[in-house]
C-alpha cells in the first residue's frame with residue numbers, strides 16, 4: 001500500500017515502454033487477421049527489438065517486470081517488492 | 001501458460017476520491033459486458049473455434065485481462081481513501097458491509113458476476129457474433145462512463161479503453177470473413 005516515491009524518470013521510462021507495447025499489441029492483433037502483410041511483420045519485429053532494449057533499461061533501474069524467470073533478480077529477491085501497477 | 005507483467009497497459013490516474021464513480025465503473029469490472037466477462041468468454045471459446053482464429057481469441061482475451069487490471073486500478077484509486085460515510089453516501093454501504101474496501105466482481109448495481117453473462121455455442125459464427133456484440137456493448141458502456149465523470153485524467157484512461165473495444169470489434173468482424181471464406185472454399189473444392 002505504501003506509495004514509493006518514484007521520480008520523473010520512472011514515469012518517462014514506463015510511458016516509453018507502454019507506448020512501444022501498444023504498437024506491438026496493435027500490430028499483433030492486426031497480424032492475427034492479416035498474416036500475409038510483410039511490412040507489418042517487419043515493423044512488428046523491429047518494435048519487438050526496441051521493446052527488449054527499453055524493458056532492459058527499465059528493469060536495470062526499477063527491477064523485474066515479469067515473473068517465472070522471464071526477468072532476472074538481484075539479491076534480495078526483487079520480484080515481491082512494491083510498487084505494484086495500481087500503486088503508481 | 002500465463003505470465004504476469006508488472007505494469008499497466010495504459011496509465012490510470014485519478015484526480016480525486018470519488019466512490020460514486022467507482023460504483024459506476026464496477027459495471028466494467030463484474031458486469032455482463034465487462035472486462036472479466038470478455039476475458040473469460042474469449043479464453044473459453046478458443047478450444048472449439050477453427051485454428052485460423054484461435055490466435056486472435058487468445059490475444060484479445062489476454063488484452064482484456066490487462067483492461068480488467070486497469071478498471072480495478074481505477075476503482076482502487078477512487079475508493080482507497082474513502083470513509084465508510086463517504087461509501088454509504090455513494091451507495092456503497094452494502095458493499096462496505098460485505099467487503100470493506102475490497103474490490104469484488106459485481107456490476108454497478110451490486111449484482112455478482114455470473115457465468116450466464118457469457119456464451120459458448122460451439123458454432124464459430126454464433127460465437128464470433130456474440131463477441132462482436134459484446135465489444136459494441138462495452139464500447140457504449142465506456143461512453144456512458146465517460147459522460148458520468150468530469151475527471152479528465154479518468155476520462156483519458158476510459159477513452160483508451162473505449163477505442164480498444166472498437167479495434168477488437170473490427171478484428172472479430174475480420175475473423176468472421178476469414179471463416180466464411182474458408183467455408184466457401186470447402187464447398188467448391
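Residue 1 is the first one shown; counting continues down the chain.
In case you wondered, yes, glycine gets a Cβ from its N, Cα and C as well.
Mn(2+) binds B:35, B:64, B:67, B:135 as TrEMBL records it, and from the list B:99, B:168 the residue named for this site is B:168. Note: the CA-CA distance between residue B:168 (Mn(2+) binding site) and residue B:59 (Ca(2+) binding site) rounds to 10 Å. Of the chain residues outside the Mn(2+) site list B:35, B:64, B:67, B:135, B:168, B:38, B:39, B:60, B:63, B:138, B:161, B:164, B:165 have their Cβ within 8 Å of the site's Cβ mean position. Using a cut-off of under 8 A between C-beta atoms, the binding-site residues B:35, B:59, B:64, B:67, B:135 that neighbour chain A are B:59. Straight-line distance linking the Cα atoms of residue B:135 (Mn(2+) binding site) and residue B:59 (Ca(2+) binding site), rounded to a whole number, equals 15 Å.
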